[in-house]
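What Swiss-Prot records for this protein:
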TOPO_DOM  1-17  topological domain 'Cytoplasmic'
TOPO_DOM  39-67  topological domain 'Periplasmic'
TOPO_DOM  89-160  topological domain 'Cytoplasmic'
TOPO_DOM  182-191  topological domain 'Periplasmic'
TOPO_DOM  213-219  topological domain 'Cytoplasmic'
TRANSMEM  18-38  transmembrane segment
TRANSMEM  68-88  transmembrane segment
TRANSMEM  161-181  transmembrane segment
TRANSMEM  192-212  transmembrane segment
Amino acid sequence: MAVIQDIIAALWQHDFAALANPHVVSVVYFVMFATLFLENGLLPASFLPGDSLLLLAGALIAQDVMHFLPTIGILTAAASLGCWLSYIQGRWLGNTRTVKGWLAQLPAKYHQRATCMFDRHGLLALLAGRFLAFVRTLLPTMAGISGLSNRRFQFFNWLSGLLWVTVVTSFGYALSMIPFVKRHEDQVMTFLMILPVALLVAGLLGTLVVVIKKKYCNA
């Protein structure tokens, strides 16, 4: 817990030298890995702020806190392993009350978007779906429920994971290298630190609203 507090303090104070400490940065990697794994892998955790964390990772690479290739490798593994977990949920547990309950709690618009993409584009939907929050967690579950073979799924899983992580992280890095952004570096880093927290709170509140509405309608 003390290390987490140190990381938050270093981010808030823009102390990149402290963040670059090997022990501290290893915890940063772990937190990012766990967040992406859970967001991609578990339907109840689909509100976690994966995209904004990748933007933050790109900004930290620009500050020499993290290194590009190891970051891409670690976060791609997190996203792809999480996506595999989502696929396994659909393949093995798709007809259980638990998974059906998770699916029922997600907003209907994401069900419709994921179903439309999967029906129209099949596995190619995984490539585009990675860039859509909630949808990237739903699609692998739907692929598992449909009985799609693990071998075919894994190819598109790892390819889409690599594309998503590389594109969004690179965008965060490129954004941090723009002269205007460099001149307002402190404000940008503060924004990138607050954004995942704000999205997390918004996701939690949105999920609670959906759950309460469904319980009220079923009462």
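Backbone N, Cα and C atoms are what each Cβ position is placed from, and that goes for glycine too.
Below 8 angstroms of C-beta separation, residues 23-24, 27-28, 31, 60, 63-65, 185-186, 189-190, 193 of the same chain, each at least six residues beyond the ends of the topological domain 'Cytoplasmic' (1-17), sit close to that stretch. Taking the topological domain 'Periplasmic' (39-67) as a whole, pLDDT averages 90 in the prediction.
Using DSSP to sort the residues of the topological domain 'Periplasmic' (182-191) gives these counts of helix, strand and coil: 9 helix, 0 strand, 1 coil.
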